Amino acid sequence: MIRLVTLAALPVLVLCQFDPSKWFMGSNLGGLQGFGVLPARCLNYLEAGYSRGNRLPSHRFFFNSTSGNCEQFVYYGRGGNRNNFRDVFKCMKSCGCKQQRNGGVPCNPPSQPVVRYYYDTFTKLCNTFQHTGCGGNSNHFKDWNDCFFTCGNGFET
């Protein structure tokens with residue numbers, strides 16, 4: 001189910017999936033996992049802005065809601081929209097970490113699932129899950145430290 005709601009006068013997209021066989025391998029809330037709330041700014045399309053005067057373009061990051069990843073682009077210095085971050089950490093903290101966990105799809109040839117960590121926005125904890133090795137989104141990390149320092153309070157600026 002996809003529903004657009006307003007929280008504190010800010011529109012957000014709420015993504016809910018209910019499947020007790022696939023979601024929440026740890027703390028189980030009846031199969032409802034981590035809410036996956038993406039702020040509206042994360043859903044904006046890429047807007048590179050425009051150049052004026054002798055201002056040099058710079059490399060920035062935007063959240064690609066199709067791929068579920070923070071991606072680099074060239075920003076021309078003026079204009080654009082709020083889906084524009086100075087570094088990948090701010091992009092991840094604002095958007096990437098707020099996605100539901102995604103175990104990916106089986107690779108071809110198949111490989112054994114591996115334990116990865118994802119950030120749960122509901123519990124504000126990094127939890128383990130099985131990743132199949134192919135696909136998924138940017139809310140998966142090789143170890144707890146990477147997860148915590150990217151998404152938790154370990155990387156506050």
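Every residue, even glycine, has its Cβ placed from backbone N, Cα and C.
Residues or ranges marked as signal peptide in Swiss-Prot (evidence: sequence analysis): 1-16.
According to Swiss-Prot, the domain 'BPTI/Kunitz inhibitor 1' annotation covers 42-95.
The disulfide bond feature in Swiss-Prot is assigned to Cys42-Cys95 (among others). Within 10 Å of the Cβ of Cys42 (disulfide bond) there are 22 other Cβ atoms, across all protein chains. In the three-state DSSP reading, Cys42 (disulfide bond) counts as helix.
Residues near Cys91 (disulfide bond) in space but far in sequence (CB under 8 A, at least 6 apart, same chain), listed by position: Phe61, Phe62, Phe63, Cys70, Phe85. Swiss-Prot lists Cys70-Cys91 (among others) with the feature disulfide bond, giving sequence analysis as the kind of evidence.
Annotated domain 'BPTI/Kunitz inhibitor 2' per Swiss-Prot: 97-151, in sequence order.
Following the DSSP three-state reduction, the secondary structure of Cys151 (disulfide bond) is helix. Residues near Cys151 (disulfide bond) in space but far in sequence (CB under 8 A, at least 6 apart, same chain), listed by position: Met92, Lys93, Gly96, Cys97, Tyr119, Cys126, Asn139. The disulfide bond annotation in Swiss-Prot covers Cys97-Cys151 (among others), and the record cites sequence analysis as its basis.
Within the same chain, residues at least six positions away from Cys134 (disulfide bond) with a Cβ under 8 Å of its Cβ are Gly104, Val105, Pro106, Cys107, Asn108. Per Swiss-Prot, disulfide bond is recorded for Cys107-Cys134 (among others), and the stated evidence type is sequence analysis.
Sequence annotations record features per position, and here Swiss-Prot assigns disulfide bond to Cys126-Cys147 (among others).
In this structure, the C-alpha atom of Cys42 (disulfide bond) lies 20 angstrom from that of Cys147 (disulfide bond). In the structure shown, across all protein chains, Cys126 is the one of the disulfide-bonded residues Cys107, Cys126 with the greatest number of other Cβ atoms within 10 Å. Cα of Cys147 (disulfide bond) to Cα of Cys95 (disulfide bond): a span of 14 Å. Sequence-distant neighbours of Cys95 (disulfide bond) (same chain, 6+ residues apart, CB-CB distance under 8 A): Leu38, Pro39, Arg41, Cys42, Phe63, Cys70, Asn83.
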